[in-house]
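A.B. asks: Can you keep this structure in mind? I'll have questions shortly.
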Amino acid sequence: MSTVEAPLYPIAVLIDELKNDDIQIRLNSIRRLSTIARALGEERTRSELIPFLSENNDDDDEVLLAMAEELGVFIPYVGGVEHAYVLLTPLETLCTVEETCVRDKAVESLCKIGSQMRENDLIEWFTPLVKRLAAGEWFTARVSACGLFHIAYPSAPETLKTELRSIYGQLCQDDMPMVRRSAASNLWKFAGTVESAHLKADIMQMFEDLTQDDQDTVRLLAVEGCAALGKLLEPQDCAARILPVIVTFSQDKSWRVRYMVANQLYELCEAVGPEPIRTDLLPAYVRLLRDNEAEVRIAAAGKVTKFCQILSPELAIQHILPCVKELSLDSSQHVRAALASVVMGMAPVLGKDATIEQLLPIFLSLLKDEFPDVRLNIISKLDQVNQVIGIDLLSQSLLPAIVELAEDRHWRVRLAIIEYIPLLANQLGVGFFDDKLGGLCMQWLQDKVYSIRDAAANNLKRLAEEFGPDWAMQHIIPQVLEIANDSHYLHRMTLLRAISLLGPVLGSEITCSKLLPVVVNASKDRVPNIKFNVAKVLQSLISVVDQSVVEKTIRPCLVELSEDPDVDVRYFAVQGLQSIDQVTMSS
């Protein structure tokens with residue numbers, strides 16, 4: 001190829017590849033746009049590549065999505081921010097396509113580019129683009145326009161700002177529900193750039209129009225942004241303009257709108273101040289907790305602790321606690337699970353007496369729930385209630401339930417209990433632990449589920465760290481070592497796992513006298529999986545024991561395993577020997 005033709009090569013290849021029938025070739029070509037742009041240089045990228053992409057009429061959404069994404073980071077390849085406006089044309093075209101994800105990505109890229117453009121360029125190029133899209137004949141253009149106003153507005157002169165507010169108001173009343181939905185979901189972004197005076201007048205009028213829409217999908221998107229909108233207003237304005245809407249929406253005929261209110265109510269509390277919370281939001285929240293739709297009750301139940309934190313304990317006990325009692329007996333397991341994940345956080349809010357009298361019966365009821373996720377969520381928050389009601393009451397009331405859960409048929413419940421045991425042991429003390437929970441810890445080592453056995457081995461290590469080597473020597477080691485004679489090879493593998501974890505915690509003396517002989521003996525096991533795990537354990541113990549023990553006991557054992565018929569056993573044995581050699585050389 002001659003030197004005259006060489007500069008044309010990248011664009012020619014791109015044209016060929018973008019016309020290829022194979023979508024993967026077209027996709028790869030689009031993803032290499034930055035490479036092609038570098039080869040062409042900034043000027044030819046502006047004059048040839050971008051116009052070509054603007055005219056590209058590919059009908060595959062995946063290719064268009066990739067193009068929208070690539071163009072968002074293309075400013076350096078067209079010559080910097082002073083030439084960023086050239087990227088607007090292809091992205092404007094992508095803002096009008098039918099596929100939603102392509103339009104969303106094009107809007108995202110336009111926002112990225114617009115946020116870097118110079119003020120004059122925004123007025124000259126970006127704002128006219130927004131106006132063209134907003135006046136688009138096809139609804140897709142108008143949907144995309146709603147997401148761009150917050151970029152165009154700040155730099156616009158006063159007359160243009162008035163026009164942009166007017167256009168957005170028209171979009172809020174568009175004939176197409178899809179456009180009104182987009183206007184509702186982007187209103188809070190636009191509101192964040194609008195001056196305070198116009199915020200109270202124009203933006204709040206748009207908000208009120210959207211909240212009265214006959215489509216529930218528009219109303220719920222208006223609700224979704226109300227907390228962000230409320231934070232832009234003064235507390236008194238928020239209480240006067242947004243609060244009544246939310247209270248009305250808490251009784252909306254559409255459960256989706258009520259669901260969104262339940263999700264947003266707590267965030268709105270931060271914007272309105274204490275008095276409106278007590279008089280308006282609290283009754284609305286109680287209604288949502290007792291809603292006839294389970295999805296609404298789930299959303300409301302998940303906020304119960306947060307809501308109690310902004311109320312006085314008296315109000316929480318008087319209004320929220322009766323609802324919590326009802327929810328703990330709810331017919332929907334998902335409502336009970338949502339409540340269980342947060343209910344213990346109420347204990348610090350209500351105080352010790354109210355927790356013992358009112359909350360503990362709810363807690364114990366949920367601990368015995370037939371649905372495992374309810375119990376799991378309660379278990380994960382046990383420490384919160386312990387901080388309030390103390391160890392004595394905890395041990396008397398919770399232990400029977402915990403023992404029952406430790407033997408639950410659902411393995412995830414057993415796993416959650418195991419992970420909580422070290423913290424429980426720390427709170428209950430060594431004597432109580434030995435009497436009540438010690439046997440369970442050994443029982444889990446022989447569970448039929450691998451994750452439980454592995455967690456049980458880790459649990460022993462954490463307990464040894466908590467109570468010390470002497471306690472471990474007396475209460476853990478004798479029972480663990482009995483597993484060496486178990487007929488099930490998986491249980492014997494769990495023993496090796498426990499030894500590898502306990503060795504570093506218990507120290508050289510106990511490891512050499514009690515643990516190492518068991519590992520060496522296991523090297524003669526008939527199961528190859530046991531033998532290569534022996535090699536791995538021996539390798540982990542090299543750093544725990546003295547060098548003389550390594551040479552006298554560990555090396556001969558690994559040498560023997562390195563000659564085993566099984567390839568995996570030989571591999572791990574050789575790795576162990578290499579580790580010994582490295583330690584020897586470094587010392």
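Cβ atoms here come from the backbone N, Cα and C positions, even for glycine.
What TrEMBL records for 10-48, 203-241, 242-280, 281-319, 320-358, 359-397, 398-436, 476-514, 515-553, 554-587 is repeat 'HEAT'.
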A.B. asks: DSSP says what for the repeat 'HEAT' (515-553): how many helix, strand, coil residues?
C.D. replies: 29 helix, 0 strand, 10 coil
A.B. asks: Using a Cβ-Cβ cut-off of under 8 Å, list the residues of the same chain that are 6+ residues beyond the ends of the repeat 'HEAT' (476-514) and lie near it.
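C.D. replies: Apart from its flanks, the repeat 'HEAT' (476-514) reaches 442, 445-446, 450, 453-454, 456-458, 460-461, 463-465, 469, 521-522, 525, 527, 529-530, 533-534, 536-537, 540-541, 543-546, 549.
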A.B. asks: Excluding the flanking five residues on each side, which residues at least 6 beyond the ends of the repeat 'HEAT' (242-280) place their CB within less than 8 Å of a CB in that stretch?
C.D. replies: 207-208, 211, 216-217, 219-220, 223-224, 226-227, 229-231, 233, 235, 287-288, 291, 293, 295-296, 299-300, 303, 306-307, 310-311, 315
A.B. asks: Quick test of the contact rule: Cβ under 8 Å, at least six residues beyond the ends. What residues does that give for the repeat 'HEAT' (203-241)?
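C.D. replies: Same-chain residues near the repeat 'HEAT' (203-241) but 6 or more away: 165, 168-169, 172-173, 177, 180-181, 183-185, 187-188, 190-192, 194, 249, 252-254, 256-257, 259-261, 264, 267-268, 270-273, 276, 280.
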A.B. asks: According to DSSP, how is the repeat 'HEAT' (242-280) divided among helix, strand and coil residues?
C.D. replies: 32 helix, 0 strand, 7 coil
A.B. asks: Run through the repeat 'HEAT' (281-319) and tell me, per DSSP, how many residues are helix, strand and coil.
C.D. replies: 30 helix, 0 strand, 9 coil
A.B. asks: According to DSSP, how is the repeat 'HEAT' (320-358) divided among helix, strand and coil residues?
C.D. replies: 32 helix, 0 strand, 7 coil
